[in-house]
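Visitor: Before anything else, here's the structure in question.
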Amino acid sequence: MELARPQLIHRWISVFMLLCIFSFEAQCFYLPGVAPQDFLKGDPLMVKVNKLTSTKTQLPYSYYSLPYCTPKQIVDSAENLGEVLRGDRIENSPYEFHMREPQMCNVVCRSVLNAKTAKELKEKIEDEYRVNMILDNLPLVMPIKRPDLDTTVYQHGFYVGLKGQYAGSKEEKHFIHNHLIFTVKFHKDPQTDAARVVGFEVRPFSVKHEYDGEWNGKNRLTTCDPHAKRTVTSSDSPQEVEDKKEIIFTYDVEFEESDIKWASRWDTYLLMADDQIHWFSIVNSLMIVLFLSGMVAMIMLRTLYRDISKYNQLETQEEAQEETGWKLVHGDVFRPPINSDLLCVYVGTGVQFFGMTVVTMTFAVLGFLSPSNRGGLMTAMLLLWAFMGVFAGYASARLYKMFKGSEWKKITLKTALMFPGVVFLLFFVLNALIWGEKSSGAVPFGTMFALVFLWFGIAVPLVFVGSYVGFKKPAIEDPVKTNKIPRQVPEQAWYMNPVFSILIGGILPFGAVFIELFFILTSIWLQQFYYIFGFLFIVFVILIVTCAEITIVLCYFQLCSEDYLWWWRSYLTSGSSALYLFLYAAFYFFTKLEITKPVSGMLYFGYMLIASYAFFVLTGTIGFYACFWFTRLIYSSLKID
């Protein structure tokens, strides 16, 4: 029986992948093993609470950091690495549901505010914090009707409270949402009595509850009474947040049968109303690619073919002396560049990033990184980055040996430490800022240790393994011999100036991705789900092609003007798109976000700097390898005496 189990698992995975490929429209994104849970009538439903979030501060806080009702014992749910880095803090709650058993006016607890708790609540209401909860792995949503589009949109969680004024008063007051009407949607099995949770919605109200006599925990409320069938339907007499004020937290539970099946329950959350914009983005990017492909085809098929034929037919010395263009620099084109060690390090790191991105996107497109697995995407990226260290070491060592380098251990150590060292330092500073704000988003010491172990315990040794293998291989031979004395680069036209051509080169790769970038930034900073990996994968392929083609075109023009210093320029040409990414992030910050706190602004720009740096390494490496292949191809076609 034990022997058959791996075969069974293997068969399940094969079947799942085939289903995802052949029925892409069905959105199969559940891993085998993520099984639905059946509930019979009366079965308890565990409601969990998650972090408090705000798009205005970007600083998450624990649910119990506010004076909410607590269970007898607070129990943390097991969290993966990605969840901790996202600031998720999932804990049990005092809310008790029973399947298909509606409840009305359940009193959770009574709380009397003091000056400190009232101040904290007011700050959270001011910063528009939302409360997040989870039921059967489904996040809580608040349905909001949009009369202009005649549709319902879903907001994640509900606001802690609201600001308002009493009639006839100009003074603004803070009110807390202390009465919640939960709606649990379920899909019932027609054969059995079992049901599955397919929706979890809430309508929050602010109500100043009243009761007779002294509070003893068993009082009947006069504002919300199940016996008198008196329910809360509005916030006409709201609960004010002030020192010494008494708050009674209550809730209703409604159950609603739904036609939505368990496998499709995430469709509501993942529904994108902007498909047309995504298609426009892809068509726009494809036009750029076709334009560049036409230019590359013209250079490769017409100009290059003509050049090579002409160069190879030159017979007399006089004709050879009169030749111009890229053949003239054949003796210098493969001369190692200045700071060749640094170039090797960056190319190796870029290969590592490229491998991580391709594998992550492949898994995401196949549906293995479902949003139901919170933090799964980030965990997968970190682990893949560590394991791709093998390719980073291999790529940097191969290039280093081609540049006649001999100290392979030194270059390996730089490859293993340089990029992650810069990112870790930035991350550590940002984490200190979050910790200073007492936010739950601060990464705990244990998780920080796990990240360091992932880096030094897995990534660094694998970089050394890859580097050792790469350095043992014979060096890459240049297609032409390099002269001992470097020739002088003639004075260049203004448009061939390195800074100008590098900055021009980054515009098109950025132009190919910037519309998709808007949706990615929105999902990260406005806390929305992003699950259109099919679109993202197409855009990523377009980015690769664009980076390669623009670099080849500009490299050809550079060589034709007898400038052979192409190594670094090829990397920086496509890599400069990261500069435009950062500038766009700044534009997005000032036009779309409402962040006012200095710490939140520093967090935004800090994380976007890390993202831009990673984008620079990725796109730069794609451009470099495109040029590397192009120059070797054209110079190996020449007959040189």
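Cβ coordinates come from backbone N, Cα and C, glycine included.
Because TrEMBL annotations are produced automatically, they should be read as predictions rather than curated entries.
Below are the features I grabbed from TrEMBL:
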- 12-32: transmembrane segment (TRANSMEM)
- 279-301: transmembrane segment (TRANSMEM)
- 343-369: transmembrane segment (TRANSMEM)
- 375-395: transmembrane segment (TRANSMEM)
- 416-436: transmembrane segment (TRANSMEM)
- 448-471: transmembrane segment (TRANSMEM)
- 492-525: transmembrane segment (TRANSMEM)
- 531-559: transmembrane segment (TRANSMEM)
- 571-590: transmembrane segment (TRANSMEM)
- 602-630: transmembrane segment (TRANSMEM)
Visitor: Are there 3 or more C-beta pairs under 8 Å linking the transmembrane segment (279-301) with the transmembrane segment (343-369), counting only pairs at least 6 apart in sequence?
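Guide: Contact criterion not met.
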Visitor: Run the contact check on the transmembrane segment (531-559) against the transmembrane segment (279-301): 3 or more C-beta pairs under 8 Å, excluding pairs closer than 6 in sequence.
Guide: yes
Visitor: Among 279-301, 375-395, 416-436, 492-525, 602-630, point out the range having the most Cβ pairs under 8 angstroms from the transmembrane segment (571-590).
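Guide: If we count Cβ pairs closer than 8 Å to the transmembrane segment (571-590), 602-630 scores highest.
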Visitor: List, by number or range, the same-chain residues at least 6 past the transmembrane segment (375-395) whose CB is under 8 A from its CB atoms?
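Guide: Beyond its ends, the transmembrane segment (375-395) has Cβ neighbours at 79-86, 88, 347-353, 355-356, 359-360, 363-364, 369, 412, 415-416, 451, 454-455, 458-470.
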Visitor: Please give the sequence-distant neighbours of the transmembrane segment (416-436): residues at least 6 beyond its ends with Cβ less than 8 Å from one of its Cβ atoms.
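Guide: Long-range Cβ neighbours of the transmembrane segment (416-436): 59, 345-346, 349, 389, 392-393, 442-443, 448, 451, 455, 459-460, 463-464, 599, 602-603, 606-607, 609-610, 613-614, 617.
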Visitor: Other than its close neighbours in sequence, what residues sit by the transmembrane segment (492-525), given a CB gap under 8 Å and a spacing of at least six beyond its ends?
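Guide: Cβ under 8 Å, 6 or more out: 55, 58, 274, 277-278, 280-281, 284-285, 288-289, 292, 532, 535-536, 539, 542-543, 546-547, 550-551, 554, 557-558, 561, 563, 565, 569, 572-581, 584-585, 588, 592-593, 604, 619, 623.
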Visitor: State the residues, same chain only, that lie 6 or more residues beyond the ends of the transmembrane segment (602-630) and have a CB under 8 A from a CB inside it; answer 'none' if no residue qualifies.
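Guide: Residues 58-59, 343, 346-347, 349-351, 353-354, 357, 419, 422-423, 426-427, 429-430, 433-434, 505-506, 509, 525, 543-544, 547-552, 555-556, 566-567, 570-579, 581-582, 585-586, 589, 593, 595.
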